[in-house]
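To start, the structure under review is shown below, and the notes come after it.
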Amino acid sequence: MLLIHRQAAPAHALKLLWLIQCVAMGAMEMSGPFWALHLQTGGRLSASELSWYSAIAYAGPMLTAMLCIPWWGKAGDRIGHHWMLLRALAALALTQLWLAYCTQPLWIILIRLLQGAIAGFIAAAQAYGSQLSHREQRGQLMASLQTATALGSVLGPMAGGWLYQSQGFAAVNLLAAGLCTGCLLLAALYLPRSKVVPANARTSMPSSPGSAQQTAWWRQGMLPGFLIGILLVQSAKMLPQAYFSLYVTQVMQANTGFAGLSYGLSAAGLCLCAPLWASYFRHQQDSSILRWMIALCIASAVLMAVQSLYLSANVFLICRFLWGCVLGALLPVFYSLLSLHTPANSQGQALAYGNSAAKAGALLGTAAGALLMAILPLQHLFWAVAVAYFITALLLTLIPHTYPSPGSAPA
């Protein structure tokens, strides 16, 4: 089990962790929109080969990460999540540096797959932060880290687009490698270390009748239920990603700037509301929180239906902002529930499973969106997202709403 010396972990450590996550995620997203262009530049691929290589460059790292993150999380529980944080940042820096000098399509794909397998930074940051914070701070922690990820995901492509146009793709990856290296140095020098003690050591929490459940926490319906929740909400969120820009430009007859503004408003809503949701849910019971999750999925379905009607540009943008506000509750809340109901010596493993479920949901949602593009007219695709959110709400009602008390899972 891992314990953090709290006197060596003041509040500024969590702020620094937020900054590191924001910068690292921004660095990784700088190259995200441009892999297809970079692969096309070589001129060695046919149209069909380019589509396959581009798909693997985007989705491949998510697949390898989904498979490997639980192993890294379990390793973090044994040797320390601070070391896992440093390992993940070093992996990102080295692979981005390698990609900066790589021009062969096959090698680019192999490096991207390796990057997904050996990184796992988000899960490492969540597990490390959960050990750094008190139980009552978990919701705020997950919301804060989600906000950092969202902000980095917006700022990264903007900076990457400017640098790609002016300096080329190698410069994008070199800057990303430099930013990850800077984050690595900050984490190594200024974030407090975790101390590993034997798993059977006593904790400061009193024993309780529920403590026997610590060794079987995953059998109580908690882990499967929370993972299903993460999978469902992430799938619904990612469903429109494949066709959103096409919908805006072809159905709404708007320009790419409008599409970018729509993305930005969703991210702004998430960043503004995630901390507020975390504060509100801080003292709520699990059953009440899960009822809220169902209600918010229904609200998302309604917002998607209104977007499908396209009443006006202003209404569409308001719906995008409100949807971002809703997203600020969904995924962070499931992560915080997962952390709260997991023993301290399994935080890394449980949160890694949560991240694997999120990546599986992202892959499933993106693939489903691409499939829907092939079988439905473009103007009807947002109705499919509304249906997906209604189905998600229905399936969430099947998740157990009562779990062992938090006291049975020491922090």
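Quick reminder: no glycine exception, Cβ is built from N, Cα and C everywhere.
Among the residue ranges 27-47, 216-236, the one that TrEMBL annotates as transmembrane segment is 216-236. The recorded stretches the transmembrane segment (84-101) and the transmembrane segment (256-277) do not share 3+ CB pairs below 8 A when only pairs 6 or more apart in sequence are counted, and are therefore not in contact. In summary, the transmembrane segment (289-309) lies against the transmembrane segment (381-399): three or more C-beta pairs, each 6 or more positions apart in sequence, are under 8 Å. Only pairs six or more apart in sequence are counted, and the transmembrane segment (107-129) with the transmembrane segment (381-399) gives fewer than three Cβ pairs under 8 Å, not enough to call it a contact.
Beyond the ends of the transmembrane segment (350-375), by six or more residues, the same chain brings 59, 62-63, 65-67, 69-74, 76, 120, 122-123, 126-127, 130, 217-218, 223, 226-228, 230-243, 246, 331, 334-335, 338-339, 342, 381, 384, 388 to within a C-beta distance below 8 angstroms of the stretch. For the transmembrane segment (141-164), same-chain residues at least 6 beyond its ends with a Cβ under 8 Å from one of its own Cβ atoms are 14, 17-19, 21-34, 37, 122, 125-126, 129-130, 133, 171-172, 175, 263-264, 267, 270-271, 274-275, 277-278, 328, 331-333, 335-336, 339.
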